[in-house]
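What TrEMBL annotates here:
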REPEAT    A:10-48  repeat 'HEAT'
REPEAT    A:164-202  repeat 'HEAT'
REPEAT    A:203-241  repeat 'HEAT'
REPEAT    A:242-280  repeat 'HEAT'
REPEAT    A:281-319  repeat 'HEAT'
REPEAT    A:320-358  repeat 'HEAT'
REPEAT    A:359-397  repeat 'HEAT'
REPEAT    A:398-436  repeat 'HEAT'
REPEAT    A:437-475  repeat 'HEAT'
REPEAT    A:476-514  repeat 'HEAT'
REPEAT    A:515-553  repeat 'HEAT'
REPEAT    A:554-587  repeat 'HEAT'
Amino acid sequence: MAMIDEPLYPIAILIDELKNEDIQLRLNSIRRLSTIARALGEERTRKELIPFLSENNDDDDEVLLAMAEELGVFIPYVGGVEYAHVLLPPLETLCTVEETCVRDKAVESLCRIGAQMKENDLVDWFVPLVKRLAAGEWFTARVSSCGLFHIAYSSAPDHLKTELRSIYGQLCQDDMPMVRRAAATNLGKFAATVEPSHLKTEIMSIFEDLTQDDQDSVRLLAVEGCAALGKLLEPQDCVTHILPVIVNFSQDKSWRVRYMVANQLYELCEAVGPEPTRADLVPAYVRLLRDNEAEVRIAAAGKVTKFCRILSPQLAIQHILPCVKELSSDSSQHVRSALASVIMGMAPVLGKDATIEQLLPIFLSLLKDEFPDVRLNIISKLDQVNQVIGIDLLSQSLLPAIVELAEDRHWRVRLAIIEYIPLLASQLGVGFFDDKLGALCMQWLEDKVFSIRDAAANNLKRLAEEFGPEWAMQHIIPQVLDKINNPHYLYRMTILHAISLLAPVMGADITCQKLLPVVIASSKDRVPNIKFNVAKVLQSLVPILDQSVVESTIRPCLVELSEDPDVDVRYFASQALQACDQVMMPS
Amino acid sequence: MNGKGPEDARDPAAPPALEWKFAQVFGERTAGEEVQEVDIISAIEFDKSGDHLATGDRGGRVVLFERTDVRAHGCRRDLERLDYPVSRHPEFRYQTEFQSHEPEFDYLKSLEIEEKINKIRWCQTANSALFLLSTNDKTIKFWKVQEKKVKRISEMNLDPSQAGGNDSSASSSTAGPRACLPNGGCSYNYMCNDFSFPPGGFPSLRLPVVAGQETSLVAKCRRIYAHAHDYHINSISNNSDGETFISADDLRINLWNLEISNQSFNIVDVKPANMEDLTEVITSAEFHPTHCNTLAYSSSKGSIRLLDLRQSALCDNHSQLFEEHEASSSRSFFTEIIASISDIKFGKDGRHILSRDYMTLKLWDINMDSRPVATFQVHEYLRPKLCDLYENDSIFDKFECCLSGDGLRVATGSYSNLFRVFGCVAGSTEAMTLEASKNPMRRQVQSPARTARSLSSLTRVVRRGAESPGIDANGNSYDFTTKLLHLAWHPTENSIACAAANSLYMYYA
């Protein structure tokens, strides 16, 4: 064993641990590969470290993943771009491992290195690597090769370009569906580097083969290619080549393919231009909105706003709106829920008249939906409608919906509506709020479920922030303080919690005059839980209040509590007393 | 025989009956040896190439065997072109074994979960690593079995025996590897700040040298697909798309992506709103060998449903239903029980489905859903004994079935460690009874199987293999405790692997 100088000791450990039994230590060493490389110097990194990594590639996937990532930024450590090619062999082997995430990372790193390599180096080293992988015995290598063509292609001379295109064509017809899927996924990226003349001929014929694949999973990915290719082609070519394909796809036998079309269709509208959109894509989209399969309708309904934004208002009103009306009473609650989450966005597109005439009845029916998620989705986007039609028109039907949600038997629904109350309050204004919603907010403080009581207390704080302390003094504080006499200690505890939240918003004066006496009175409660919560609340009030008040009112109360028979009360009282002392300290 | 139906004209086309010979046995029992419960084989599966065979047992272990009579993947095709003597048959050797499942306890439901392997399915091979799925009642696991180099590290920078911060394998026993990690990290940080690296690097540092060429097979669990089944998993099946598989329990079928273990999609749910309305459960499910969107499942009522996954996300409506209606005259108390299908398998062509119920094997053509194209009686002599079989619960035994790779023959197991092989081409009268022992032909019945003339001439549905009752009278008492439930046919050759308790017998023809 060699003797190592003292300062080199840590690096020596790092190197030795590349082969440690413990995976954590190996991972640690691999993550610090750049340190090892700097210690070895550029030449020995090229001649020893990189070959060493290439040979020792039967490690655990976590280590390989880290190695793939490190090698992607390793160019500076091997002597710069002219030596970048030495990094290719270890990454090439990583491109063939079975674990998908390792392969993906290796491909990513290869692309990163390839993008920096000089043109003739790419031809000498990168293109042969792509060809080797594409001809690999195992499907894993061929899958990885698909993601590298777009780097290799642009700098290759003409004869190599022809070869690369034909290899890609073969990959799209591979026996293994995994390879065809990878080829379909990367087609858009590759096509972007191919010259327009070849794009129209070879790439489009490859694409057409993929669109007719037996495997649904391949056709699915070809749908994604539609939008990518559509953007590369001239509008008229897009109409002749892509449009028929997507129209076909929208009537595919497999619901998963139609589902993908429903998700992607709006992206294609821009590529083909307005006229084909009107003639072909709108009817296709309408079909998807009326699809037999609920999953497809869910996807289509979720895109209704994005699609309408591309169309002229007349088209949207004429073709899409009738479907939206149907969907609002769809048999699947998930479809209605998807619609409810986006339908608000249609209001600005349609304009005020159409919104009031056509959209409003749909909002209202969704607001009365039997399924709470649908109602919640509408309420959560209320601000968008407000901008178009104003809240007055809505408020009449809004209130019953809110009240019903506020009393829903599922506490999660109640919780969701509480969280929207501040938004509603800001939209509806003080007047409306006082009349209708104030009582609800108080009612939640006495909910059976703790999370609701907790959220109700928070809600009061947010309302006080929204409408100011004066308003809160009139509309919140008296009602809250009333409830401190509730016979059940859990509700009294909620009130104490609400007081501690409200105090910072209300300011020192109101706290001192109104809130503090209630807290102090509670220190005589017969339930120890209330008493130690009083201690906690008092502690939270210390920074807000004047020092004289702390000394005259809070401290005596805490001292009394610190002599309580209950151990928890004594503990929290002493904690609070310490906090008082700390505030006194600086003076 | 004496019928002059169209079948007879096709008789010459039917391949000659095979003569089965003993090939190998693994885990043979010596006379008087007790069989340990945990050693009983509960699953057998060949991989797609037929180069590997896996068995699972009640102890949760998976044992792998590899074929030895072919050298390597690449040259097999060349070898086949050469003129080899006909006696060549697949030979396997023990490769490795691993513990796939352990017994568990579900504390929420107060249920013991057995470690017994219910099914094994091979996945796509990659980079000479083998991949397989194994399942017990609740949990599916994805295994990778790969040759790993046995590493011997030399030329370390630091002497492993040296005291100090060095953490080699030697020190892990005392300090524990994790304890040293921050140490290395701290020193490194100190270096970063106060140290400048010379441009040529430090010549005294060296990389470890890995020596040793030996390899060993290591099985590693890559993914665990758990908590998706309320009932017992009876089947798992890979899709031809190479990325998904299904798992079926009594009432539901779930669809998984192999790479995603934390979610699955429920595609079939036959659970009634009220469990008292339950009349039918799922007994077995399998994907079509080539159509990624076609799936078949069988039920306890004796029907097979074909699903088209393209039609909708939740496949509660089948696209085809295969059912045979029993004549009401022959109904008895046992009719419904014995109609329950215990296993279904697609033929390699994807056109035929083989199903096994308690008394028969049925071969279905997916283009004809009204009745099977052929029905084979497996152990008709037991029909008078159904009452006894019901009493001792044997009537609920789940026998598996299999098709040969060429689709010409089918096989299934029976009691007394017997299994039966039938020719299923129209006109074939092949019906063999073999015993899982070193002398498989010992029980072979001499009298040829009869053809039910009346039926064949009318409907072309051939009933064959109804055994002469003489076999029952020849003094053999049928042993219900030795049942041959699991067997598998080699995908390319006439070779059968079958399990008799803890022994794996292999035969060839």
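For all residues, glycine too, the Cβ spot is worked out from N, Cα and C.
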(request) Please give the sequence-distant neighbours of the repeat 'HEAT' (A:320-358): residues at least 6 beyond its ends with Cβ less than 8 Å from one of its Cβ atoms. (result) 282, 285-286, 289-290, 294, 297-299, 301-309, 311, 313, 365-366, 369, 371, 373-375, 377-378, 380-382, 384-385, 387-389, 393
(message) Checking distant contacts: for the repeat 'HEAT' (A:281-319), what same-chain residues at least six beyond its ends satisfy Cβ-Cβ under 8 A?
(response) 243, 246-247, 250-251, 255, 258-259, 261-263, 265-266, 268-270, 272, 274, 326-327, 330-332, 334-335, 338-339, 341-343, 345-346, 349-351, 354, 358
(message) Could you tell me the mean pLDDT the prediction assigns to the repeat 'HEAT' (A:281-319)?
(response) 92
(request) Provide the three-state DSSP residue tally for the repeat 'HEAT' (A:242-280): helix first, then strand, then coil. (result) 33 helix, 0 strand, 6 coil
(request) Could you pull out which residues elsewhere in the chain have a CB under 8 Å from any CB of the repeat 'HEAT' (A:398-436), counting only those six or more residues past its ends? (result) 367-368, 372, 375-376, 378-380, 382-383, 386, 391, 443-444, 447, 449, 451-452, 455-456, 459, 462-463, 466-467, 471, 475
(request) Work out, from DSSP, the number of helix, strand and coil residues along the repeat 'HEAT' (A:359-397). (result) 33 helix, 0 strand, 6 coil
(message) DSSP-wise, what's the residue breakdown of the repeat 'HEAT' (A:10-48) into helix, strand and coil?
(response) 34 helix, 0 strand, 5 coil
